[in-house]
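Peer 1: Can you keep this structure in mind? I'll have questions shortly.
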Amino acid sequence: MERLERCGRWLRARLASGQVRRRLPWLLLAIVLVGSALKDNDLVPQTPMQNKRNPLNVYFVKVAWAWTLWLLLPFMAVTTYQFAKSKFRYGPTKSVLLVLRRLSALLVGTAIWYVCTGLFLYIENLTGSCSIPGGGSELHQPPTTKQECHRGSGVWIGFDISGHCFLLSYCALLIMEEVAVLEGLATEQNSKLRVVIDGLFVSLCLLTVIWVFMFLCTALYFHDFSQKLLGVLIGLAAWYGTYRFWYLKPLSPGLPLPNVPLSSKKYSYSR
């Protein structure tokens, strides 16, 4: 428990200045540019990470949104409730309503994930064609979708926007925005609540490291440059459009750090 608290305190100190949040978008863009340049010039070493069946890809990236939701949901609920009670002196009912409002940001994120992944698949189907070994004489007509192509043991060749670059960048940025609430949240040391929050916080930071590392692996080993660049730009646009624009408005889930008078419905960051 003491080690967990020290780790949480160390991570809080690193995140308190907000530099990680400000620099992460630029880091992700730099990774795509440098990683793609290394890949295109055959300067990438052979490692197990170029195999799509590696454990991190199979057990984490393939279900990245589920991992992000699983850790962010309790973290946002606990910290928002505690923040409402300690900072604003809200009662239980009002605190719960604020928690529900903040948790709706995860519904927004889920909708963004669902729409974007569906759009990527639609574009790939629209721009692609199926290449079947041996000419595909066993098929009566050429497959028109990626799924049909794979069922016929073919390879679908289309414009495949990198879903990994989109989702991993969006998840990493989303986590960094939400853990910023700890900059203004005070809890008693050695309390059960502090242990829960520190445990979730350290887990979210570790998850973010995994997302950025796998983002790097994607940039080094998979997709064309344009596919990766478009993927990360869409991820950045989703983050910017919500946390830097919509969530500043009254009719929105709001930001993690409301620091304005109770009479105001607007939210802003302590940057």
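Cβ coordinates are placed from backbone N, Cα and C, and glycine is handled just like the others.
Annotations per TrEMBL:
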type	residues	note
SIGNAL	1-39	signal peptide
TRANSMEM	63-84	transmembrane segment
TRANSMEM	105-123	transmembrane segment
TRANSMEM	200-222	transmembrane segment
TRANSMEM	229-247	transmembrane segment
Peer 1: Near the transmembrane segment (63-84), which residues from the same chain, at least 6 beyond its ends, have a CB less than 8 A from one of its CBs?
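Peer 2: Distant Cβ neighbours of the transmembrane segment (63-84) are 90, 94-96, 98-99, 102-103, 105-106, 109-110, 113, 167-168, 171, 174-175, 178-179, 181-182, 184-185, 187, 193, 196-197, 200-201, 203-204, 207, 211, 256, 258.
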Peer 1: What else in the chain is close to the transmembrane segment (229-247), if you only count residues 6 or more beyond its ends and a Cβ gap under 8 Å?
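Peer 2: Same-chain residues near the transmembrane segment (229-247) but 6 or more away: 25, 28-29, 32, 36, 105, 108-109, 112, 116, 120, 161-170, 173-174, 177, 215, 223, 253-255, 267.
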